[in-house]
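Comments concern the structure below.
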Amino acid sequence: MMQGEGEAASVTNGVLQQTRNPKQGGHRATIFIFLMLGLENIGFVANMVSLVLYFLYVMRFDPSGSATTTTNYLGSVFMLTLVGGFISDTYMNRLNTCLISGALELLGYLLMIIQAHYNKLQPKPCNKSSCVEGGEALMLYASMCLLAIGAGGVRGSVPALGADQFDQNNPMERKYLARFFNWLLLSITIGASLGVTIVVWVSTNKGWDKGFLISMLCAFVGLIIIASGKSFYRVRIPGDSSLSRIFQENTNELYETRDQECGLGEVQILHTDQFRLLDKAAILAIGEKPRKWGVCTVTQVEEVKILTRMMPILISTIIMNAAFAQLQTFSVQQGAIMNTKIGTFEVPPASIPVIPLVCMSILIPIYEFFFVPVIRKVTGHPNGITHLQRVGVGLVLSVISMGIAAIVEVKRKHEILHNGNRISLFWLGIQFFIFGIADMFTLVGLMEFFYSEAPTGMRSLSTSFSWLSLSFGYFLSSIFVELTNLVTSKITKSKRGWLEGRDMNNNHLELFFWFLAILSALNFANYLYWAS
């Protein structure tokens, strides 16, 4: 890619070292990114909370089947952010990765619109756990794959593109990095709020095809906006990733470039004895000249070690995201059999997450402008609290949220089974509200932590680890559901799993929520060990 006018640049291991054009980067450049992610999330988050109903009522899955299909899809999306991050670090710049991924996402929406519009492309009712087969299944899973690849690529590249607009070597710009991630979450939250209200209402009342169409149009406009800001971006030129060469072997001694061979601004990292298995990538045979794809430098190997050391923090947030997945699946199914009316207006059950989203939209500016300055005076930390403290607060709140979810389910079942009353859908708002605040702390904390701690040449990949935690959480959620049914069907007197069957009033969802609450509490203790 050509540098902007007035820039002097050199490329070392794919890192753009340059004298910045004053017209590029900074807050102005991030406006395009905020708008793009906000628009793209209108459809994405609407699908996050409503696809479980689409699979249940249109694609004819049973409740547990629709829940696991949804979590498997979302897990795939966030898993593929890792691929998007790796590609944007290594093969193409972050902007181009975003544009190509966005085009694939649009194609996926198009297939979803066609299948949702024509009844002959949908399965007929049956008594099996899944009624989708043949060409119907092929079209459904092809569209979901395209959506997953596209949405994953966007999330793997765009946050790092935005963070690149602030130079961490400049003290004035470095302090704006935490603020960028807060505003990034705010843009996502505002888009999500519009999605779970307008798009979900349209999908459930006017037709799923119309809801998917709105999602596609919003994503398309978002792509146009982020592409139009190209001249304002500071763009990192991609290059070889040390991760892609870490399994190479040579013999005799570790190789490092001499100081005079280093590119402008490149920092060498001294060798450490930890994870010595990785050192073999930097071994250079005696008398052999270093060559591309032949050997890594010590610095490149140490960069990978840095990422490896951050893994326990990532792993410690997976349980929280597995619990979060239940609120997007089983809690939405709960809402479908609760009292959904406000006067004469009927609220779509999948719109209940708008409660935490609206609250987050209010709380993020309060956090940025009031909480951080006050806490900064106490702690002396420029961001008020550290990245890891933010994550810890989120993990504690997730335990509380799952406990409340269990209590609400006990109340719901008691009222319907003993009094014949359907309690209000808005009882679910309590657990969603608390988990929304937890997500505000944890997601931003993780993104800032991984971006700040990562080597320059691996920041897209590292930032993607925040989404990777979500991916593992969704997949783990599916495993928990299957294992819970498997185990409890053998130990209960009825020989029926806690989550089996289509009638949720005969299930034991409350026990499953208590299980997740206890597991989340144990996970927090594990997190404290690694964070300390």
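Residue numbers in this text run from 1 along the chain shown.
Cβ from N, Cα, C; glycine included.
What TrEMBL annotates here:
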type: COMPBIAS; residues: 10-22; note: compositional bias 'Polar residues'
type: REGION; residues: 1-22; note: region 'Disordered'
type: TRANSMEM; residues: 29-58; note: transmembrane segment
type: TRANSMEM; residues: 70-87; note: transmembrane segment
type: TRANSMEM; residues: 99-118; note: transmembrane segment
type: TRANSMEM; residues: 138-162; note: transmembrane segment
type: TRANSMEM; residues: 183-202; note: transmembrane segment
type: TRANSMEM; residues: 214-233; note: transmembrane segment
type: TRANSMEM; residues: 350-371; note: transmembrane segment
type: TRANSMEM; residues: 391-411; note: transmembrane segment
type: TRANSMEM; residues: 423-447; note: transmembrane segment
type: TRANSMEM; residues: 467-488; note: transmembrane segment
type: TRANSMEM; residues: 509-530; note: transmembrane segment
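Remote same-chain residues near the transmembrane segment (138-162) are listed as 29-30, 33-34, 36-37, 40, 44, 47, 59, 73, 76-88, 94-95, 97-98, 100-109, 111-112, 114-115, 121, 132, 180-181, 184, 226, 233, 447, 451, 459-461, 463-464, 466-467 (criterion: CB distance under 8 Å, separation of at least six residues from the stretch ends).
Between the transmembrane segment (214-233) and the transmembrane segment (183-202), three or more CB pairs separated by 6 or more residues in sequence fall under 8 Å, so the two stretches touch. Below 8 angstroms of C-beta separation, residues 40, 43, 54, 58, 84, 92, 136, 139-140, 142-154, 156-157, 207-209, 212-213, 215-216, 219-220, 222-223, 226-227 of the same chain, each at least six residues beyond the ends of the transmembrane segment (99-118), sit close to that stretch.
Contact counts against the transmembrane segment (423-447), taken as Cβ pairs under 8 Å, peak for 183-202 among the stretches 29-58, 183-202, 467-488. Counting Cβ pairs under 8 Å that are 6 or more residues apart, the transmembrane segment (183-202) and the transmembrane segment (29-58) reach 3 or more and are in contact. Below 8 angstroms of C-beta separation, residues 64, 67-68, 71-72, 74-79, 81-82, 152, 155-156, 314, 317-326, 329, 446, 496-500, 508, 512, 515-516 of the same chain, each at least six residues beyond the ends of the transmembrane segment (467-488), sit close to that stretch. Proximity of distant same-chain residues to the transmembrane segment (70-87), defined by a Cβ-Cβ separation under 8 Å and at least 6 residues beyond the stretch ends, is recorded for 48, 51-52, 55, 97, 101, 144-145, 147-149, 151-157, 160, 241, 243-244, 325, 328-329, 460-465, 467-475, 477-478, 481.
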